[in-house]
Amino acid sequence: MERMGLNEIREEYLKFFESKAHLRLPSFSLVPKNDKSLLLINAGMAPLKPYFTGLQVPPNKRVTTCQKCVRTGDIENVGKTSRHGTFFEMMGNFSFGDYFKKEIIPWAWEFITEILKLPKDKLYVTIYEDDDEALDIWVNKTDVDPKRIFRLGKEDNFWEHGLGPCGPCSEIHFDRGAGEVKTSEEFVKASDEDKIVEFWNLVFTQFDKDEEGNYNKLANPNIDTGMGLERMATIMQNVDTIFEVDTIKAVLDKVCELSGANYKEDRVKDISIRIITDHIRSITFMISDGILPSNEGRGYVLRRLLRRAARHGKTLGIKNTFLHNLTDIVIENCYKNYPELEEKREYIKKVIKLEEERFDETIDAGMQILNDYIKEVKNNNHKVLSGDKAFKLYDTYGFPVELTEEILEEEGISIDKEGFNKEMKEQRERARSAREETNYMGSEDTILNKIDLNINTDFEGYDKLEVKSKVAVIIKDEEFKNGMEKGNEGVIVTYNTPFYAEMGGQIGDTGIIYNDSFKAEVIDCKKNISGKVLHFVKILDGKVALEDQVILKVNEERRNNIRKNHTATHILHAALIKVVGDHVQQSGSYVDDERLRFDFSHFEAVSEDELKEVEKIVNKEIMKANAVNTKVMNIEEAKEQGAIALFDNKYKDDVRVVSVGNFSKELCGGTHVSNSGQIGMFKIVSEAGVAAGIRRIEAVTAFKAMEYVDHKNNILKEAAQILKCNEKELLNKLNHQVLEMKEKEKEIEALKLKLASGAEDEILNNIREIKGVKVASAAVKDIDGNALRDLGDKIRDNMQSGVVVLGSNYKGKVLFVAMATKDTVAKGVHCGKIIKEVATIAGGGGGGRPDMAQAGGKDPNKLEDAIKTVETVVESLVK
């Protein structure tokens, strides 16, 4: 057995199965497509599920891949052990109803003994206890020693996940110090002790488990194998852990260089070194696939990994941002197999650095708060931090709850997770997050995805708006039907169509389907998971049946408006790259007949001057009346010509390229104008941030742009009429009015302050004494926060010793302020606690220091009641 690098192992595996007539596919994105059950791709076969389930036709019956994967289920163990990691690559070869056991078993043995040259006396094989077929092949079609084959039960060697396809599996293992093993019991014991490690699982999907628990034979059994690349590398490089594998150790060595720490000298430091080494790999690949840090979904997973790694950097004494520098090491070791890493290197580093800087801004304040919480919990002899406090750290200071848990665990404290989840649920109800858009209709198990794969629905709508066809499928009430009649709503599928189905951000077409005996309105048009075009219809007249000849006609005016907006989006994209920078990448878009929306990567607001320049460039390209051309070409040729591809899309070998003159060139399957002049006019309506590092521009074109400009002009005219000036004088007139208003406001505030000062004597005359502490409290009217604090200062200074609590009803909101002298604080008075109790009654909250605090409230009607509680609260605090 010769030492082999990780990248070499990957290439040898893929080459081997290419030699067995397999199609080599590049790794799919970590972001699952059309699978809402997964947050991130976590297994080699996960992106191939539609092929196994028959929902899509595979590009070849034999496929081989090396799939990047992220798993965070046992993240708390990453770093603490040298075995666990979040990022890994899974090599696999797959058969979709083609070859089966008699092919894969000999191939597997050939690869590991002849290509990898693993010593046969170090290999063990396990099979399912009832799988005599697999045993026969292992014994008679390979030269494995039969004594090294063990039969194991369902728990170890049978793959199933609920109902549906399942089957036995055969695993191949390597002896890493067990010595000779003679029985299955000895084998299991050695495996549990990691003296024997499994490195390749061959799954024979040959059954379909039904609801009664029966295992029915599949007509076309499948093969699904998985070999962990990093684990295989530990064997080929004769190292004990993944952190000693060549490509991963390069990252670990850089962590040690940046921190000045030596690996394997300090157990605590080793944990931090391993966490950073592992997490930066996941972080780099996740960002390269278009994921950005956020507080939801996969973005939260990324933020959690990034901030956990950053925190452990500080534990190692690394003071400045550093993770973005580690990205270079990851990319240098991976870019040959993942060229997108090199293409997006600077973007990935910028996202990481920005998130590190944001975390740096909050971590010190957050750690101070957390340390205060820890002291409070320990002083009260408690072992649990309340959920609302953990949520505050998460919501205000950006601390992932798992990071808070990790820090608390070091102090022997846990979190009230139920309380935290309650706070999280309430926040989500207050601000419901946007649902992720999908490119197909419905979930995988809907009837829309059960349409016969042999039915083709050819799209002819690039150059036709009306075609003749036959009805291939009718669906109504979640059932396949032979026909529909007037008043029914459902789905019609035809063999060809001019209707564009919603895809790539472009909304679906509408129109009509008709013949002499029926007419249906097409309300929407989408695709199912296998790409069939679904016409969502309402039958307006007559009846329609399967195989009826029909005419399909797209709403031409609506389609033309969509075309204008889609082509304008391409020009906008190119203009943004020119003005804002070449780091701009599309992260989402929406195009309909009224407007366009474009989301793109950028790390700050686009300035007004930049927006004006972008708008000017887009309109200039429109006025040039550039020809818009489409051409189908090889993906590599398209890239060589500089065509822009979507961030995380996987493309076929041949792609459609849309060019607008020499200004814009993008891979796109949408519909476009034939000449940029047809767009007419372009106007930006808004620019805003929608997520960390993502900006959104909304714009209108053609007549909608004219309407927008007319509306703005009408507002200017009306404003000029109100101010009794012409439009040229409007700004000067407005500035003059604003200055006058500010002067009046100052006069009003001065009068209010004078009135408040008049209330000072009355408040001082009503001081009470509670347990030796003087208390002044009152509700005053129409005083803002500054005036309220000034009044509080005067009363406290007059009292010389005591506590003052004031409340004000100002512009429909309640304001509170509390102040205390040092001697009363020494007696137990705490303004932060007082103000919190008082403000709660008025529907608000707040806090502060022992000697000064302020708060707000929502219910002015409760102001008097809130002030009345001051004495009771003070009494409870004074020692």
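For all residues, glycine too, the Cβ spot is worked out from N, Cα and C.
Residues annotated as Zn(2+) binding site in Swiss-Prot: HIS566, HIS570, CYS668, HIS672.
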So if I measure Cβ to Cβ from HIS570 (Zn(2+) binding site) and keep only same-chain residues at least 6 apart in sequence, which ones fall under 8 Å?
VAL658, VAL660, SER664, GLU666, CYS668, HIS672
Name the residue among the binding-site residues HIS566, CYS668, HIS672 whose Cβ has the smallest number of other Cβ atoms within 10 Å.
CYS668
8 Å Cβ shell about HIS566, HIS570, CYS668, HIS672 centroid, Zn(2+) site members excluded:
ARG563, THR567, THR569, VAL628, VAL658, VAL660, GLU666, GLY670, THR671
Looking only at DSSP and grouping its letters into three states, which state does HIS570 (Zn(2+) binding site) belong to?
helix
